[in-house]
Amino acid sequence: MLNINIEKQFSQLQLKVNTQLPLQGVTAVFGRSGAGKTSLVNLLGGLTTPDKGEISLGDTLLFKHKTVNLPPEKRRIGYVFQEARLFPHYSVKGNLTYGMRHKTPELFDKVVSLLGIEKLLSRYPSTLSGGEKQRVAIGRALLTSPQMLLMDEPLASLDLPRKRELLPYLQTLAQELKLPIVYVSHSLDEILQLADHMLVLHQGKMISQGPLTQVWNSEQMRPWVPLQELSSLLSARIADRHPDYPMTRLLMDDGNQLWVSGQLPPTHKQLKVRIQANHVSVCTEEPKGSSIRNLLRGKIKELYPSDNGEQIQLKIALGKDELWANITPWARDELQLIPGKAIYAQIKGVTMTQMDIAESH
């Protein structure tokens, strides 16, 4: 485990985090601007020193107040910043091999292949696109043979086409490398595609931490997501494809099924499916003759009025999964919606795109 129990007073922020993070998969650190995300990873990497507490990575003590403070180069932690920070006078190959602990051709070839940078090795940073520079920066961090990788919003400085270019490489790294990654982001799109776990910060304090689906669907996330962006993550597996239409059927653990647009490639892995709360409607009886393909049976768990009172955020239990829906107070009153009531949730399959579906690692 990555054990964190630290405090640090910055000029406008007091950071205080006490938690344990798993040493496998990707842990996303999420929060608004100024929440302390970058400050936290700088403390983990040794770029900043806590005022008190301790940090340990597995059996290695990285920091303990007044007794231990390993410098960054001794922590065996790779760091990828928002900007690539490549050496302009070195070729791509020179940047990659800088700081390699062991000159092993096998590791070099594997990292270069995973990141798709074989054809860039003789080029210099000034000739690279933003996405290419970030791939090289990630490769350089991996070739130091780290025990953990810190990534501080590596896509933040890229435009949308470059983000789409780099994201598949990050997905491959997350799946192929047995290396814990702490990934800072304010983008829920990135977190959905990459993360297994999630830690939410607000004003320097941790307000939630745990498996991605659990945190994403939690009440603690609600205040930090705009009403129109509220969404749920459901777990499902590919069952089959429609024989006549470009649709794929997903099967949930509770027996409910989801039809999504497109013919997804076969996989035995569990999928994470994002459902926007604004795309969910509810009814108390099974509808007949509807164009909506997805009808999920569930029970109302909780109802939360929005801050402006114009909408109700409805939480629906679907076996072990939970689904959010935005409805009006009028609908709540007319349908007599209360906790424990059995209902049907309707979701249009065409509203779910490839960016709303990700494999669990």
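Cβ from N, Cα, C; glycine included.
As recorded in Swiss-Prot:
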- 1-228: domain 'ABC transporter' (DOMAIN)
- G31, R32, S33, G34, A35, G36, K37, T38: ATP binding site (BINDING)
- 289-356: domain 'Mop' (DOMAIN)
Enumerate same-chain residues with a sequence separation of six or more from T38 (ATP binding site) and a Cβ-Cβ distance below 8 A; give 'none' if the list is empty. D152, E153, V184
Mean pLDDT for the domain 'ABC transporter' (1-228), as a whole number? 91
Same-chain neighbours of the ATP site, Cβ within 8 Å of the mean position of the Cβ atoms of G31, R32, S33, G34, A35, G36, K37, T38 and not counting those residues, run in sequence order as S39, H186, L201
Sparsest-packed among the binding-site residues, when each Cβ's other Cβ atoms within 10 Å are tallied, from G31, G34, G36: G34
Around the Cβ of S33 (ATP binding site), other Cβ atoms within 10 Å, all chains included, total 7
Across the domain 'Mop' (289-356), DSSP labelling yields 13 helix, 32 strand, 23 coil
Just name the most isolated of the binding-site residues R32, K37, going by other Cβ atoms within 10 Å of its Cβ. R32
If I restrict to non-local contacts, at least six residues apart, and a C-beta distance under 8 angstroms, what lies near A35 (ATP binding site) in its own chain? L201, H202, Q203, G204
Translate the DSSP assignment of K37 (ATP binding site) into the three-state scheme. helix
